[in-house]
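Novice: Mind having a look at this structure? Questions to follow.
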Amino acid sequence: FPAAFQDLFGVSMVVPLMNLHIKSLGASHTVAGIIGSLYGILQLFSSTFVGCWSDIVGRRYSLLACILLSALGYFLLGTSTTVFLFAISRVPVGIFKHTLSISKALLSDLVSERDRPLVMGRFNAASSVGFILGPVVGGYLTELEGGFYQTSFICASIFVLNAGLVWMLPWSEGSTGNREHQQGNKGTDTCSEKANRDLHLKSATNGAMASDSLFRSSWIQVATVLKRIKGIACSDLWDIFLVRLLMSVAILLYYSNFSLALEERFGMKPLFAGYLMSYSSALGVLAGCLLGPITRLYQHNTYRILLHSSTLTCTLILLYASAPSIWMVILSSTFLAFSTTIGRTCIIDLELTIGGNEASGTLLGVGQSVTSVGRIIAPLLSGIAQEFSPCGPPSLGVGLALVAILIMNANKQKYCSHGNVKLKNQ
C-alpha cells in the first residue's frame with residue numbers, strides 16, 4: 001500500500017504540469033496534443049504484453065523492471081529542455097508504466113478470492129490519497145525556479161525508492177502463499193485443468209530459460225506471451241471486457257466537459273468544479289475502505305455488487321444530466337464517487353474470478369488496454385455530443401451504461417454460476 005501511495009503521489013505531482021512545460025518549450029497545441037496521445041497509444045499496446053510477461057517471468061522482476069524504467073522516463077523528463085527530449089521521455093513511461101496493474105496482479109496472487117475485493121479497495125484508496133496530495137505538492141514546487149525539473153527528479157527518486165521497497169519484500173513467503181492459494185481454489189474440473197496447463201507451461205518455460213541461451217529464452221517468453229494473449233482473445237470473456245469499456249466511456253463522458261457544463265448551465269467558475277472533483281476523489285478513498293462491509297452485506301457476490309453499482313452509476317449520471325440546480329449536481333457527484341469506485345474494483349474481481357487467477361497479469365493487462373481504448377474514443381464522442389447540448393456527453397454516457405447493464409443481465413447465469421462455485425469452495 002505505501003508503494004501504491006508513492007506511485008500515484010509522484011505521478012500526480014508531474015502530470016498536471018506537463019502541458020504548461022511543453023508549451024514553455026515552444027510547442028504548438030497540435031504538437032502538445034500529439035505527444036499527449038503518444039503516451040495513451042503506447043499504453044494501449046503495451047499493457048497486455050507487459051501483464052502477460054509478468055505471468056511468465058514472475059511479479060518481482062517484471063515489477064522491478066517497470067518501476068526502474070518508469071523512473072528513467074521521469075528522469076529524462078527532468079532533463080527535457082527541448083520538445084524532442086520531452087517526447088523521448090514519454091516513451092519508456094508509456095511502455096512500462098504498468099506498475100499498479102502488476103501490483104494488483106501480485107495482490108490477487110497473495111490473497112484469497114473472498115478477501116480480494118477488500119484488499120483491492122484498500123489498494124485503490126491508498127493510490128487515491130496519493131493522487132489527491134500530489135497535485136498540491138507539485139503546484140507548490142512549480143512556483144520555485146526550475147520547479148518542473150525539480151518535481152520530475154523527485155518523481156524519479158520516488159520510483160527508485162519504490163524499487164527498493166519491492167526488492168525487500170519477502171518473496172519466498174509470498175510464493176508459498178500463492179501456491180497454497182492455488183491449491184485451495186480447485187473447485188471445478190475446468191479450473192483444475194486450466195491451473196495444470198498453466199503450471200506445466202510455467203515449468204516448461206522456466207526449464208527452458210535455465211538451460212538455453214539468452215536469445216532462445218527471450219524467444220520462448222515472446223512465444224508464450226503471444227500464446228496467452230491468443231487464449232484470452234478466444235475466450236468467453238468478451239462480455240466482461242465490453243462492460244468495462246462501456247462503463248469506462250460512460251464515466252469519462254461524465255467528466256469530459258464537467259467544468260464547461262457547470263459554467264454554461266449554472267454559471268459556476270472552474271475553481272468550483274475543481275473543488276467538487278477533489279471532494280469526489282476524497283469520497284472515493286472512503287468508498288475503497290467500505291468495500292469490506294459491502295462485500296459481506298452481499299455475501300461476497302461480486303456480480304450483484306457490480307450490477308447494482310452500475311445501475312446506481314447510470315441513475316446518477318442521468319440525474320446530473322437533468323439536474324435543475326447545482327445542489328442536485330453536488331448530490332449526484334457525492335454518490336457517484338462511491339458507485340464508480342466500487343464498480344471499478346468489482347469488474348477487476350469478476351475478470352479474475354471468471355478468467356482464472358493464474359493468468360492475473362494477462363487479464364489485468366487486457367483490462368487496462370480496454371480502458372485505454374475508452375480514453376481514446378471518449379473525447380471524440382464527447383465532442384460530437386457537445387455540439388447538440390452541454391448535457392449531451394453525460395446523456396450519451398447514460399445510454400452506454402444502460403447497454404452495459406443489459407449485457408450483464410443477459411449473462412447473469414454465467415456470472416452467478418461462477419459466484420456459486422467461489423462460495424462453495426470457501
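All positions are counted from 1 along the displayed chain.
The backbone N, Cα and C atoms fix where each Cβ goes, and this holds for glycine too.
Checked TrEMBL, it gives:
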type: DOMAIN; residues: 1-416; note: domain 'Major facilitator superfamily (MFS) profile'
type: TRANSMEM; residues: 20-42; note: transmembrane segment
type: TRANSMEM; residues: 63-88; note: transmembrane segment
type: TRANSMEM; residues: 148-169; note: transmembrane segment
type: TRANSMEM; residues: 237-256; note: transmembrane segment
type: TRANSMEM; residues: 276-295; note: transmembrane segment
type: TRANSMEM; residues: 316-338; note: transmembrane segment
Novice: Looking only at the domain 'Major facilitator superfamily (MFS) profile' (1-416), what is the model's average confidence as pLDDT?
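Specialist: The average pLDDT of the model in the domain 'Major facilitator superfamily (MFS) profile' (1-416) works out to 79.
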Novice: Rank 20-42, 63-88, 148-169, 276-295, 316-338 by Cβ pairs under 8 Å to the transmembrane segment (237-256) and hand me the top one.
Specialist: 316-338
Novice: If we skip the immediate neighbours and take only residues 6+ beyond the ends of the transmembrane segment (316-338), which ones have a Cβ under 8 Å from one of its Cβ atoms?
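Specialist: Distal contacts: 250-251, 254, 262, 265-266, 268, 276, 279-281, 283-284, 286-287, 290, 391, 394-395, 397-398, 401.
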